[in-house]
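Enquirer: Sharing a structure below in structure tokens format, with a few things to ask.
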Amino acid sequence: MIIRSRKLAEEFVSTPQSGKCYPEVNLSNRIFLSRKRLCEEEDELSEVEPDAVPSEVRDWLALTFTRSMSNMKRRGEDKPRFRSVAHAIRAGIMVDRIYRRMSSSVGLHVPPHVLILLKTLDDWSFNVFSVNEASDNHALKFVGYELLQKYDLITKFKINTQMLESFLFALETGYSKNKNPYHNLMHGADVAQTVHFVLSQSRLAQWLTDLEVFATLIAALIHDYEHTGTTNNFHINTSSEVALLYNDRAVLENHHISAAFRLVREEEHNILCNLGKEEYREFRSLVIDMVLATDMSFHFQQIKNMKSLLGMPE
């Protein structure tokens, strides 16, 4: 943002005397101080009074983004000039706010007849088959989106809805890759809804952070991504490529995780792009642990550990 604001300021700052553009000598310091002050203001456009925005900033925004103004008929060379670095930076910050608001407010279009079925998302009796049929084989996309929306995670983690839709569609494609009759996109959607049911009905979600809930839902959605329809033992006994790659340890589970994170690395699918460095590390660690725990060879040990914990005195 500082680089963008500096470029903007160097292009549009002018002196009152000459009206010519000039690069400031101390531009970096002035930009930093001005940006710090401006960013401390309330970050809600709805609360910004029109009179509080300098007229030159309003004029520049209107001319730049509407291409026409009834009260300003100017050619390109007559583009409004900013009288100060602060005003130039303010324009840049407002553009950034507008973009973020637009990218997060335009939601995924859910057909009305699918929306009706999704109203039972909180129920144990939720019918994923009906949703998949009504949505023309897109149960995972709509269930995944609705769950993230329900916990307000799209807003909290500033997830671009176009990236999210692209990511969910890519998950569906991966789940359908091997024409798996069971570990398919409906299974992914069904497990995600079941996880939501447990989180909400047990009130466990109230004890988790937003990042932990986010990781839990994504782990549920990806947990069988690109499943081959065969078991880990099959891969090990046939020395398949994935068995060799993961050294016979949680072969499929490791593949589900790795393939999903490779997907997220692609720009159009990167729903994690606004996570901080530490947030990303924690998110990734949580998802890895949860998906690896779905290896059925750990099932009985997990049950034993759970019984042991429940038997402990409070």
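Yeah, the Cβs are placed from backbone N, Cα and C, and that goes for glycine too.
Remember, TrEMBL labels are computer predictions, not curated facts.
Quantities reported herein were computed from a predicted structural model and do not represent experimental measurements.
TrEMBL feature annotations, pasted as is:
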type	residues	note
ACT_SITE	His183	active site, proton donor
BINDING	His187, His223, Asp224	Zn(2+) 1 binding site
BINDING	Asp224	Zn(2+) 2 binding site
DOMAIN	106-314	domain 'PDEase'
Enquirer: Could you say which of the recorded positions His183, His223 has its Cβ with the most other Cβ atoms inside 10 Å?
Expert: His223
Enquirer: Out of His187, Asp224, which has the highest number of nearby Cβ atoms, where nearby means within 10 Å of its Cβ, if these are the binding-site residues?
Expert: Asp224
Enquirer: Given the recorded Zn(2+) 1 site (His187, His223, Asp224), which additional residues of the same chain have their Cβ within 8 Å of the Cβ centre, ordered by sequence?
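Expert: Everything else in range on the chain: Tyr175, His183, Gly188, Val191, Ala220, Ile222, Tyr225, His227, His256, Thr294.
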Enquirer: What's the CA-CA gap between His183 (active site, proton donor) and His223 (Zn(2+) 1 binding site) in angstrom, rounded?
Expert: 10
